[in-house]
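Summarising the annotation, TrEMBL assigns domain 'Radical SAM core' to 7-222. Annotated [4Fe-4S] cluster binding site per TrEMBL: 21, 25, 28, in sequence order.
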Ligand code: SF4
Ligand code: FES
């Protein structure tokens, strides 16, 4: 049996403070089994996690959810993170970012804010979010800029909004964003149920890429435009999370530690900060070591020149599509399961106006 590779410290920690959320986005990739996560870590437990993370060498803490603003103790946690030297990024829908709340977070030392918005058109944005929220988000973005924070605007793209990408970019520009992230939908959780209504067509993608190229030229030096083509249309998969348990780790609301948020769906042993230190979990736990490095790989990855470039793609996607997380990501054109992806892409050509299934509220 081969030895596990030496493991560097993770670079970033995604802290999912709660899965509760005032929105009900039809592309939500968070877990569907909410009842497994209601026993949320308390403030002292989160402080212990952050202290251990800083000691391990983690540099960035992404405070996310669900909606992290639903945690009344958020500012206290931010102050603690700042105190131990972590760069803090709030990942929020911005619903609930009142002037007083923002001032409290500024005072606590929050470094960066990422606001998600569903489209540039109020009615469409509210429909995708499952709740009226567009106007509040615009006000919150203005507040973020007025307090001097760097602002990233995040828009999850899919069939229902990708044709508006030019005006989405313009909206971010008008909000004074330093960066716009045009993220294609990941088909986990509720998004998997809506996949056929969310998967864009090839013509839509080709038009979007032209728009992104033009915007990058026009906005060079003023606003970064991040855009990655969706997995289903790629020839090769992405090195998901930079490789399994290689650079990032996620702590779920109940203290479970995972290499990525979607990994909660995989049939792997659990590891919790309530039972072990973060460092012990990172280095030695079965969940982290399950797909680390290249020893676990099946054919064709095992003999492929790209095995240390993309690490066989995304384990969660392999599991979602084939029922086996150790298979080559079916996105790869060399995968024996690649037809699972091409069939979905072919079907997307003929889809006309499939309705999104709204996600139930979880606040
Ligand atoms: Fe990557 Fe595996 Fe495809 Fe090679 S066969 S490109 S390692 S996913
Ligand atoms: Fe879990 Fe890609 S989302 S490995």
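Keep in mind that glycine also has a Cβ here, set from the backbone N, Cα and C atoms.
Feature map: annotations from TrEMBL on the structure.
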| residue | record | Cβ within 10 Å |
| --- | --- | --- |
| 21 | [4Fe-4S] cluster binding site | 24 |
| 25 | [4Fe-4S] cluster binding site | 24 |
| 28 | [4Fe-4S] cluster binding site | 24 |
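Taking a Cβ distance under 6 Å to any atom of ligand 1 as the criterion, the binding-site residues 21, 25, 28 reduce to none. Look at residue 25 ([4Fe-4S] cluster binding site): DSSP puts it in coil. In the predicted model, the domain 'Radical SAM core' (7-222) shows an average pLDDT of 94.
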